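K.L.:
Submitted below is the structure of interest, expressed as structure tokens.
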Amino acid sequence: MNLHEYQGKQLFAEYGLPVSKGYAVDTPEAAAEACDKIGGTEWVVKAQVHAGGRGKAGGVKLVRSKEDAAAFAQQWLGKRLVTYQTDANGQPVTKILVESCTDIAKELYLGAVVDRSSRRIVFMASTEGGVDIEKIAHDTPEKILKATIDPLVGAQPFQGRDLAFQLGLEGKQVTQFAKIFTGLAKLFQDHDLALLEVNPLVIKADGDLHCLDAKINIDANAMYRQPKLKGFHDPSQDDPREAHAAKFELNYVALEGNIGCMVNGAGLAMGTMDIVNLHGGKPANFLDVGGGATKERVTEAFKIILSDANVAAVLVNIFGGIVRCDMIAEGIIGAVKEVGVKIPVVVRLEGNNAELGAKVLAESGLNIIAATSLTDAAQQVVKAAEGK
């Protein structure tokens, strides 16, 4: 689960980290009032969406009057912000963050992720702040500094000081960085985060360090023990198809192709997407119906897949283990009839009663193509999507 910038900064403040004074507002009038509360003559207004690249898309602006702040809120509230990290529809803006202006001398980067290979939290720091860190890691990996956190003892101040020295910080900045480093590490562990970024972490004109941005992603599997953070969830930022899928315990991720994929098992789903790509097709989604490919789940899966107007054909790849393939085939037939599927559907069944399942599909009289193998299924669905 992603958090908005203002929510991330709220958590930063709770851990004693330096953040700008600001208010999240949802009306133009509240934006103007926020300027009065903050004081000063310059403010930064930011559209709140779960995506990066807001500045280049016009979603971040420096304003010098509360009227301009209100105008910015009027411009964006209720609209959709399109950035390089969103799809063509963009993300809806329901909140504007109004905060004090910061005089920046230098921008740094500080972030943390769970490193699966070492099974540790790993902090990354760089002198190249304010830019896409993935590009820096790809083009100049030597500019990425790392510190691995031992889960038994947690982040240690000496690790923060070591990173600070490597970043070229001096004097009070070293102490400040170490405090920010250990504070972020504690926040990361306390709240079961999957990712945390401060980009940029800035050196102000007076030499002090300041967290100018906050990006936080929480491990969805840990939400059951983070009741406080459940209230931070903003459903307006969810993909409606993914939200629909979650209600039926389906794992769905939208992609940009035209071949819908319905599979039971995450590994098989990824393999299916790979083989579709191998044969020249482009998957429109990742969809794992899980172990129980019942008629109800298959029906909802079809509804979700077909809600994407780009889908020209559907590949159903099911391995029958405990559930027999003939029962799965009957569920697929019932779902196709109920939903009224008009596009070609290619089905590959393997496992328990696979031959009987293929026979049931062949005798259904529906526009369902029974594939003999995974390769055959991929070839058939690519042809069907191309109208051949």
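The backbone N, Cα and C atoms fix where each Cβ goes, and this holds for glycine too.
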K.L.:
Report the candidate from N264, N277, N367 that shares the substrate site with G321, I322, V323, as recorded in Swiss-Prot.
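P.N.:
Looking at N264, N277, N367, the one Swiss-Prot places in the substrate site next to G321, I322, V323 is N264.
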K.L.:
If Swiss-Prot gives G53, R54, G55, E99, T102, E107 as binding ATP, which of K46, K66 does it give for that site as well?
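P.N.:
Answer per Swiss-Prot: K46.
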K.L.:
Cα-Cα, whole number of Å: E99 (ATP binding site) versus D213 (Mg(2+) binding site)?
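P.N.:
Cα of E99 (ATP binding site) to Cα of D213 (Mg(2+) binding site) measures 11 Å after rounding.
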K.L.:
May I ask for the distance between T102 (ATP binding site) and D213 (Mg(2+) binding site), taken between their Cα atoms and rounded to an integer number of Å?
P.N.:
12
K.L.:
Which one is closest to E107 (ATP binding site) in space, judged by CA to CA distance, out of the binding-site residues D213, G321, V323?
P.N.:
D213
K.L.:
Taking every residue in the domain 'ATP-grasp' (9-244), what is their average pLDDT?
P.N.:
94
K.L.:
Helix, strand or coil by DSSP: which one applies to K46 (ATP binding site)?
P.N.:
strand
K.L.:
According to DSSP, which kind of secondary structure is N264 (substrate binding site) found in, if we only use helix, strand and coil?
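P.N.:
For N264 (substrate binding site) - judged by DSSP and reduced to three states - the answer is coil.
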K.L.:
Compute the C-alpha separation of N264 (substrate binding site) from R54 (ATP binding site), stating it in Å without decimals.
P.N.:
37
